[in-house]
Amino acid sequence: MRTQWPSPAKLNLFLYITGQRADGYHTLQTLFQFLDYGDTINIELRDDGDIRLLTPVEGVEHEDNLIVRAARLLMKTAADSGRLPTGSGANISIDKRLPMGGGLGGGSSNAATVLVALNHLWQCGLSMDELAEMGLTLGADVPVFVRGHAAFAEGVGEILTPVDPPEKWYLVAHPGVSIPTPVIFKDPELPRNTPKRSIETLLKCEFSNDCEVIARKRFREVDAVLSWLLEYAPSRLTGTGACVFAEFDTESEARQVLEQAPEWLNGFVAKGVNLSPLHRAML
């Protein structure tokens, strides 16, 4: 039997770079919120202990894909602790809607959905803390998708505090370019000393993203989309880009702006949600 699992997008409602560690990683403060929009992971169990990704990504080797890595990591961790039923395996496919290099967390969300879904389907019984710890070894954004609640993040993104920001409507636009995260973080002009503030203070301030100035400078497509959106609503970059978003109080307002968008602007309307669609599906 094939089961389907949501793999939602996220937005960084704000993102501030507060420093850089000796190992090169940047410390930050950011606010994660999920969208009721994303990819769908399809899983069909098999009994021969094998993992097969049926929808490979061009240019990514099977064993290097985050989906496969997540499945194998869960398999090894559960087996090492005697919690993996004999023969546990899976065929996995993905209905992809989220762009790569878009700042919407697609790859991290896919990995988290696989961890949560296979832990349930294989009946391994690992806790959310264990799954989040495993997820962190796959990527800094994976734990927030595993835990499934909007969160204020610090450190390199792994220190999470659940929060409940307003669930607004968003017009999310993709400029048609992919931005590798290192391109932004290695830019010498990236702000790296934004003062650390409490979540209470940050929630009262106007939200912004320290990476936005670099993305707009280096990618004219990002600058063009943001310039257009800012004529209609508060708008900013998510993550390190390339996607940008405008926020609205109602769905109709967001859709009215999307209907006026020029032909070169590709976007969708989605609602911000504080409980991940993945976790809603498991209730």
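The backbone N, Cα and C atoms fix where each Cβ goes, glycine too.
Note: Lys10 (active site) has non-local neighbours Phe32, Gln33, Phe34, Leu35, Leu104, Gly105, Ser109, Asp141, Val144, Phe145, Thr238, i.e. same-chain residues 6+ apart with C-beta under 8 A of its own C-beta. Look at Swiss-Prot and you will find Lys10 (among others) tagged as active site.
Taken from Swiss-Prot, the feature ATP binding site covers Pro99, Met100, Gly101, Gly102, Gly103, Leu104, Gly105, Gly106, Gly107, Ser108, Ser109. A 10 Å cutoff on Cβ-Cβ distances gives Ser109 (ATP binding site) a total of 30 other Cβ atoms nearby, all chains included.
Summarising the annotation, Swiss-Prot assigns active site to Asp141 (among others) and lists sequence analysis as the type of evidence. Counting Cβ atoms from all protein chains shown, Asp141 (active site) has 26 others lying within 10 Å of its own Cβ.
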Taking only same-chain residues 6+ apart in sequence, whose CB is under 8 Å from that of Pro99 (ATP binding site), what do you get? Gly106, His174, Ser178, Ala242, Cys243
Pro99 (ATP binding site) in three-state DSSP notation: coil
Within a 10 Å radius of its Cβ, which of these binding-site residues (Gly101, Gly103, Gly105, Gly107) has the fewest neighbouring Cβ atoms? Gly101
